[in-house]
Amino acid sequence: MTAIAVVGSQWGDEGKGKITDFLSKEAAMAVRSNGGNNAGHTIEIGDKTFKMRLIPSGIFAAKKGAVIGNGVVINPEVMFGELDNLEKEGIDISGLKISNRAHIIMPYHILQDTYQEEAKGDKKIGTTKNGIGPCYMDKASRTGIRVCDLLERDTFEEKLRTNLAEKNALFTKVYGKPELKFEDIFEKYLEYGQKMKKYVTDTSVVVNDALDNDEKVLFEGAQGVMLDIDEGTYPYVTSSNTISGGIASGIGMGANRLDTVIGVCKAYTTRVGEGPFPTELLDEVGDRIRETAHEYGTVTGRPRRVGWFDSVALRHAKRVAGINALSLNLLDVFSGFDKIKIATAYELDGEKIDYYPASLKELYRCKPVYEELPAWEEDITNVKTWEDLPENAKKFLNRVSELVGVPLVTVSVGPDREQTIVLKNPWEK
């Protein structure tokens with residue numbers, strides 16, 4: 001296998017960073033193709049913890065470095081802050097490559113995101129207010145500023161003046177907010193462009209050349225399938241395609257180049273922000289899972305909503321993202337529990353269904369149909385092999401795989417890179 005994609009199969013925060021870091025040890029390069037600094041991921045290596053939002057997780061181990069593709073929206077201030085921190089910790093960032101076609105998050109995007117969300121009041125979506133959505137809006141309306149534009153002074157000046165005229169009219173007339181000044185932005189972002197220049201290239205060529213040479217390439221998805229702009233719980237979704245199809249367009253390659261799509265999931269389910277969540281736990285069990293697993297957002301610090309494992313949502317993710325392998329994290333959270341529940345279906349208006357409804361009204365009426373399994377007492381954080389797992393842990397994992405219809409390739413029993421049980425090396429045919 002030379003091309004592996006790692007996608008979140010729930011609502012994000014599944015632990016994709018850990019499995020991509022683990023897989024990147026064998027990869028020539030690690031590639032990110034969607035989202036922006038709304039996608040937090042945590043990597044633990046030895047006694048060091050790295051929390052990043054934009055730089056691909058694979059930068060720690062991939063032999064030829066990391067790639068930020070054209071589908072990513074880049075906040076230069078955040079990106080250079082992360083790069084500076086990595087350099088201070090002795091991480092080699094010289095192999096980073098940034099697409100010349102990627103779009104830039106501008107200061108007005110962040111303000112627009114904030115003003116729009118505030119104006120919605122109790123109908124807010126739950127955006128991270130990082131300017132991701134407005135940046136993608138400008139991309140779709142063909143007014144966005146790309147990385148290549150920052151490298152051309154005249155082009156950037158013309159686009160910035162045009163965009164500021166439009167944004168300032170919006171801010172002052174609709175939201176009653178002050179204008180942004182051209183001089184506060186122009187030189188600062190030109191400088192970002194010059195600082196970025198040594199990393200900028202046509203990443204589509206770089207990645208496709210690597211695949212043509214049978215090099216191992218790891219593609220890192222951001223967020224999760226259930227947050228996909230088309231296939232997720234719309235409108236409570238992100239602004240990009242988080243399924244594997246979005247990886248192809250977000251890097252500039254054919255969809256047929258992916259060999260394996262690994263869906264990453266937790267042993268339970270979490271979600272940040274608003275939106276339907278059929279298996280949500282609003283009791284002491286949910287609180288226990290949240291505190292045991294430290295379920296607080298990497299980017300926002302917000303407490304994550306917690307629920308039981310939802311196989312209906314996972315089957316939906318499998319279908320729309322082409323998931324053919326499963327990586328399950330945080331199995332160790334259930335040590336000491338009496339029982340674990342898995343949603344095998346929903347009940348909608350008295351009828352049992354096994355699909356994920358598109359209608360929000362229907363989703364809010366769905367009640368999970370649960371199957372109950374016994375948990376285990378043993379501490380499993382030091383378990384290295386499948387054989388050494390408690391029998392009840394094996395039964396739970398086998399049932400998850402059976403219900404989703406996808407084989408497990410890795411199981412995580414702790415946050416460290418080494419706390420990973422490998423059932424099958426995804427790089428091997």
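Yeah, the Cβs are placed from backbone N, Cα and C, and that goes for glycine too.
Swiss-Prot lists Asp13, Glu14, Gly15, Lys16, Asn38, Ala39, Gly40, His41, Thr128, Arg142, Gln223, Arg302 as binding IMP, and of Thr114, Thr203, Thr238 the one it places in that same site is Thr238. Annotated pair Asn38 (IMP binding site) and Gly12 (GTP binding site), C-alpha to C-alpha distance, rounded: 11 Å. Using CA atoms as reference points, the recorded positions Asp13, His41, Thr128, Arg302 were checked against Leu331 (GTP binding site), and the closest is Asp13. Distance from the CA of Thr42 (GTP binding site) to the CA of Gly301 (substrate binding site) is 13 Å. Counting in whole angstrom, Gly40 (IMP binding site) lies 9 from Gly12 (GTP binding site) by their C-alpha atoms. The local packing around Asp13 (active site, proton acceptor), expressed as other Cβ atoms within 10 Å of its Cβ over all shown chains, amounts to 26. DSSP assigns Leu331 (GTP binding site) to a helix. Looking at Leu331, Val413, the binding-site residues in this record, the fewest other C-beta atoms within 10 angstroms of the C-beta turn up around Val413.
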